[in-house]
Amino acid sequence: MENRWQVLIVWQVDRMKIRTWNSLVKHHMHISRRANGWVYRHHYDSRHPKVSSEVHIPLGEARLIIKTYWGLQTGERDWHLGHGVSIEWRLRSYNTQVDPGLADHLIHMHYFDCFAESAIRKAILGYRVSPRCDYQAGHNKVGSLQYLALTALIKPKKAKPPLPSVSKLVEDKWNKPQKTRGRRGNHTMNGH
């Protein structure tokens, strides 16, 4: 019998990000109880030797599975030391890979209260509005002008520690272009 290959999208990440992600997931599962129903699986619960952990997030009938890997081939960067993350959406026998932004959006829609467009209508009608979203990573667009005005008027409290974000987990902060300030703002550019 011939070998059959299966292609899987794996986002290369720093191992410290994986450790942070796992500790945030465990904190919100066991201490804050905000990740209710989430299941964390250790590496010894998996049959695959390269899987270091799995997080199963129920989304109604479907579920999101975030797997972290170790011992992969190293990447082109120094910090690509063979660690990665795959994100899978599964419904019964159907499964597909999703990107981190969509994964965060799905988690946001299913689990967390949000200060959204409905809050603007409530504020106009005179109801008390709590201007905070528990899961900011689930927003992938800029809000309307009224939304921005309401958020500027009443500052939201930040939850500590933050909720685990898939986008933050796979974020490539090393390859982002550096932001340099002008001549006045950056002291190294003007010699002081």
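Even glycines carry a Cβ here, placed using N, Cα and C.
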Annotated region 'Interaction with host APOBEC3F' segment (source Swiss-Prot; candidates 2-5, 14-17, 26-29, 50-53): 14-17
Range annotated as region 'Interaction with host APOBEC3G' - as stated in Swiss-Prot, picked from 35-39, 40-44, 135-139: 40-44
CB within-chain contacts under 8 A for THR96 (phosphothreonine), separation at least 6: GLU88, TRP89
Cβ-Cβ neighbours of SER165 (phosphoserine) (radius 10 Å): 20
